[in-house]
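> Sharing a structure here in structure tokens format.
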Amino acid sequence: MTAQIINGKAIAEATLSETKSLIDKRLEKGLRAPTLAVILLGSDPASTIYVRNKRLACDKTGIRSLAYDLPDTTSEAELLALIKQLNQDDAVDGILVQSPLPAHIEEKKIIETISATKDVDGFHPYNIGRLAVRQPTLRSCTPYGVIKLLQSTGVRLLGLDAVVVGVSNHVGRPMALELLLAGCTVTSCHRHTKDLQASIARADIVVAAVGKPHLIKGEWIKPGAIVIDIGINRLADGSLCGDVEFDIAKTRAAWITPVPGGVGPMTVATLMQNTLTALELGESDQAPA
């Protein structure tokens, strides 16, 4: 068996095209396009690339992008003041603060200061809570993108055994909630899991999100499983790899995402969707009190 590759780039492009079409229809009706404020602190090379990709996606879809490129010496108080200003600006629909943040800034405080209605990353406790009670609005971008990748396979997800490796607040935990919402039976694995191999060996769906190169061995994969590799790791030779041992896993899985070119593009595409959703929710007055 050789797995079919889930082409995240192609699916992301289709998602961006769909979002652009919806925005174009708004403009035809005399309505405005969404606006996304993107805040970048410092000049970390990876963060700079991520922000550039997000701004390019705004250009593709017709979303207005506001750039706030600040020095990494920006104080927490200054960043919070900017966020509060953007929260009050009715012309701004989404606010994104690129992580990681400098050590002197508390990420939790930043996330919770962004208005839940403008939290297009889907990190705010309010939005995670809505997902937990099966009433999602602004969904965490990477997990939501993974669901779209899974749906692209045409495989019926209802009742499948899904294992999520990693329990981070931004990816692992909301990923488990998304899979529950899709009707899967979900197991979350972490550093205290006693037998990771046994959990993965019985999984119909494996989602890896830990950031450790080749943590998940290819021979652990159940024949016919779907493997989604969210991890992206740079090796000593400069090459990129995921959390899953791809070359062996692809001989056992039915479907698998590559690294790079799998999940990453979908994260950006769902961010654009969320920005449009935030505008529409604001217009329909479905915001939290």
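Heads up, the Cβ atoms here are built off N, Cα and C, so glycines get one too.
Okay, these came from Swiss-Prot:
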BINDING   Gly166, Val167, Ser168, Ile232  NADP(+) binding site
> Tell me the Cβ contacts of Ile232 (NADP(+) binding site) under 8 Å, same chain only and six or more apart in sequence, or just say none.
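Counting only residues 6 or more apart in sequence, the Cβ neighbours of Ile232 (NADP(+) binding site) under 8 Å are Gly211, Leu240, Gly242, Val259, Pro260, Gly264.
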> Count the Cβ atoms, other than its own, that fall within 10 Å of the Cβ of Val167 (NADP(+) binding site), considering every protein chain shown.
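I get 18 for this one.
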> So for Ser168 (NADP(+) binding site), how many other CB atoms are inside 10 Å of its CB?
15
> How many other Cβ atoms sit within 10 Å of the Cβ of Gly166 (NADP(+) binding site)?
24
